Amino acid sequence: MIMFCVQCEQTIRTPAGNGCSYAQGMCGKTAETSDLQDLLIAALQGLSAWAVKAREYGIINHDVDSFAPRAFFSTLTNVNFDSPRIVGYAREAIALREALKAQCLAVDANARVDNPMADLQLVSDDLGELQRQAAEFTPNKDKAAIGENILGLRLLCLYGLKGAAAYMEHAHVLGQYDNDIYAQYHKIMAWLGTWPADMNALLECSMEIGQMNFKVMSILDAGETGKYGHPTPTQVNVKATAGKCILISGHDLKDLYNLLEQTEGTGVNVYTHGEMLPAHGYPELRKFKHLVGNYGSGWQNQQVEFARFPGPIVMTSNCIIDPTVSAYDDRIWTRSIVGWPGVRHLDGDDFSAVITQAQQMAGFPYSEIPHLITVGFGRQTLLGAADTLIDLVSREKLRHIFLLGGCDGARGERHYFTDFATIVPDDCLILTLACGKYRFNKLEFGDIEGLPRLVDAGQCNDAYSAIILAVTLAEKLGCGVNDLPLSLVLSWFEQKAIVILLTLLSLGVKNIVTGPTAPGFLTPDLLAVLNEKFGLRSITTVEEDMKQLLSA
């Protein structure tokens, strides 16, 4: 059987249409796993439909609220490739739905939900049979009837909500809960399960998702800073230190904290990878002296870099790619919603098996000459610099700020972002976040009167800090955010980037430049609408874009 998936930047694009619709997607996801993820999403939409109904009776089931976004997160690009676990999530969704339904019926014997997913049952235990059942729920099943524009808007909403669900799970892990957010999530998820086909309603929904995600990023920021302190500028070594070692990748700071606690005094050093780099800025994480540095570059290079790492690797969230290609699958471990067939999975917070493996491996034989980069420009630090920025602008020492961030990826056109960073004029500042920074974060940019020209604000969700800074600057200057000497040049790859974009658009931020390509699910008509309404456009050449942005 074949699949249909068009959710990430590397999706197949042909004159006949966009999307991975073969036996395997470009990410390595098989048709079986992709189809079963469609089935899981349908089950989750049915669960959300009953969660909406339950709230009408004052019933709030926290098990449902915590499970639903987490399971949805498992369908995000490069997270879970393990078909049996995807089916397990679907079964759990249905069990929770039935329990919630029973609670509703206990209050009102006539309780009903008008949603096509509300009574979904799995037809078999056989994966092949379930894959055939999943064909009912493939996202483009009614494309001929609704057209590409409606399909594209549905997918914009679905993928945007998926990105928000990922951030909801990150916040939940840190003890953050907001009933209004979960109520809104369930309402949108259930509505998407009705196969909506009204263009205006879908556009409004996409903005609602963006506004909701701003709240999600706020509680995630509160969770991270509440537990680990406010990030402050910190130098991080990106070269090897002699000794036994463990590499931890992903976004989950709690997993990193637990690993650091359990490795303390064992002689095992811990390195961050990918989106875990900003962890070094948090006081409660950097206090561990055996958190010795950051290893590697963008996630897309992991098959080469992980093969060279002389210790075990822990994947806490996206992005994992096939570890069997370079034969390190015997020393990579998955956590939480992450999965790869045949790779060992850690069900809880006990990292002892990983630590034992690290102690049995060679580790790095010698320390390399250190190369230090600076991270840790979190929300509090950025706000503390607001007056300095305004002073530099007023004295014409600072001409422009470029927010140059987003996802990284393998496409060759992404060298644009390296080239762009290198030609930013000396009187301009680069604010960066997310893993796209690996395209230029080891380069030297100097400073403007002591203020670094490259300011690393953190993970992708730390777009929240950048937004708060922009709002603060606008308030102090008595203008709108769009009137600031600020340009956003964003790289996208997957669904977290989609919801960050929706968040910015929902807040009224205009004239964003994105690349390296437009999302495959957005038609020329939809791109034209976004351009007309928000000034959103794709990158052209580095020189042309720089000229246009500086003259705006």
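Including glycine, each Cβ sits where the backbone N, Cα and C put it.
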Taking CYS407, CYS428, CYS479 as the options, which does Swiss-Prot list with HIS251, GLU275, CYS319, CYS435, CYS460, GLU494, LYS496 at the hybrid [4Fe-2O-2S] cluster site?
CYS407
Validating a neighbour-count step here. Other CB atoms within 10 A of the CB of GLU494 (hybrid [4Fe-2O-2S] cluster binding site): how many?
26
Check the Cα-Cα distances from CYS319 (hybrid [4Fe-2O-2S] cluster binding site) to the binding-site residues CYS5, CYS8, CYS20 and tell me which is shortest.
CYS8
Residues that sit under 8 angstroms from CYS20 ([2Fe-2S] cluster binding site) by C-beta distance, when 6+ apart in the chain:
MET3, PHE4, CYS5, VAL6, THR11, ILE12, MET26, CYS27, LYS29, SER34
Shell of the [2Fe-2S] cluster site beyond CYS5, CYS8, CYS20, CYS27, same chain only (C-beta within 8 angstroms of their C-beta centre):
VAL6, GLN7, GLN10, THR11, GLY19, GLY25, MET26, LYS29, SER34, THR77
Compute the C-alpha separation of CYS435 (hybrid [4Fe-2O-2S] cluster binding site) from CYS8 ([2Fe-2S] cluster binding site), stating it in Å without decimals.
15
Apart from HIS251, GLU275, CYS319, CYS407, CYS435, CYS460, GLU494, LYS496, which residues in this chain have a Cβ no more than 8 Å from the mean position of the Cβ atoms of those residues at the hybrid [4Fe-2O-2S] cluster site?
GLY274, TRP299, ASN318, ALA434, GLN459, PHE493, ALA497
Between HIS251 (hybrid [4Fe-2O-2S] cluster binding site) and CYS8 ([2Fe-2S] cluster binding site), the C-alpha gap once rounded to whole angstrom:
19
